[in-house]
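Participant: Here you go, one structure.
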Amino acid sequence: MGRRWGFLIGFVGAVWLLGSGRGGQQSPETAAQRCFCQVSGYLDDCTCDVETIDRFNNYRLFPRLQKLLESDYFRYYKVNLKRPCPFWNDINQCGRRDCAVKPCQSYSEVANNLIEECEQAERLGAVDESLSEETQKAVLQWTKHDDSSDSFCEADDIQSPDAEYVDLLLNPERYTGYKGPDAWKIWNVIYEENCFKPQTIKRPLNPLASSQGKSEENTFYSWLEGLCVEKRAFYRLISGLHASINVHLSARYLLQETWLEKKWGHNITEFQQRFDGILTEGEGPRRLKNLYFLYLIELRALSKVVPFFERPDFQLFTGNKVQDAENKMLLLEILHEIKSFPLHFDENSFFAGDKKEANKLKEDFRLHFRNISRIMDCVGCFKCRLWGKLQIQGLGTALKILFSEKLIANMPESGPSYEFHLTRQEIVSLFNAFGRISTSVKELENFRNLLQNIH
């Protein structure tokens, strides 16, 4: 492999191939090396290394975070899945709320196959909206607040008759069959129209564009590296979220379905198609690095917001005083663990230039992100729409926290906090979104191990 390549073996037993660049290198021996060869050492734009993140997440944080997200306060998310797409009309033509992949098509010589595919997609993508009678009574008592003055997301109209609580544990994020042009269109609009990219710069491996050569890829990354740190971070956050979602779909893939049960598990081939360095022409490992970057951003936000949750007046209110108190203790335990992380991302360089220009850039940043949250209403798969809306709101809440440091520091120790406040929706989305990223990091360990002996 050449002398400049070496191995870093961490607690997880993952194989890391050190080095940089792809030109002239030989094909790595294993599939694990092809997927993770560039995901090593320090990440771009920060001083943290992936091995430290893996150890911290997988062995210190992940189990407690999963326990917290199973509690009643965090498992119920209110969402309006019936909001119309504000940008185009060619979705949801099945006429059924749970049609997940693409419009049902009229009869033709291949109609039977199309109908069967659509029906399967409906089953996989349908949202389970069932709540127990006890839960329905409880959620009516939960205090609802609305504070969107500095929100990075287009607020869902949770007071609408169409908005309803969904049990996230009954609707796990996993493969639904939502793919192809409909799904590509969503991501294409996000990347092409909301990531500060001029149309003359071609994004690598864009499935809706013509094939591109090496020179166009180099042009894209030269352009990206020339951006200011804020705009570069914006792109990397979106890419990291996209990668995280693809990890979830690959890790909870429908492997087998019978009339008795469905079998879900790790689809190694699907993972390789999305992240293998050779199959993706080097893009896959870049995507995984961006996933780690997203992890650090959300981790940093959680460390910054500790004072808000430490206030005596704050409750994780569900009406069960004993469980609410226990959950708050667990929440604070997790937050203090996060605060102890040794290599936090330093966001102080964001919007740190000329005050007028910095404020304009921050507003552009916020408006672009709010626009992405509106695009989630165009997702044709309702289960995908649910998790897309939640994770975008969670990331938006993390950004709101990072840019409210002074407001958080000036909060009163007791009583209402008027200048900085998080709604229940923001809190639930913040922790569940981070839970999704945390799960992705954990699943990367599983995929590394599964790919070790595959060539």
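Every residue, even glycine, has its Cβ placed from backbone N, Cα and C.
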Participant: Based on what TrEMBL records, which one of C378, C381 is disulphide-bonded to C384?
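Facilitator: So the cysteine paired with C384 in TrEMBL is C381.
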Participant: For C384 (disulfide bond), which of these binding-site residues sit within 10 Å, Cα to Cα: R174, T176, W187, S239, H242, R274?
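Facilitator: The binding-site residues close to C384 (disulfide bond) (Cα within 10 Å), listed in sequence order, are R174, T176.
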Participant: Determine the C-alpha span of the FAD site listed in the record, that is the greatest distance between any two of R174, T176, W187, S239, H242, R274, in Å to the nearest whole number.
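Facilitator: Largest Cα to Cα distance for the FAD-binding set is 21 Å.
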Participant: At a 10 A cut-off on CB-CB distances, which of the recorded positions C381, C384 has the highest count?
Facilitator: C381
Participant: Cα of C381 (active site, nucleophile) to Cα of T176 (FAD binding site): how many Å, rounded?
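Facilitator: That comes out at 8 Å between the alpha carbons.
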Participant: What number of additional C-beta atoms lies within 10 angstroms of the C-beta atom of H242 (FAD binding site)?
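Facilitator: A count of 18.
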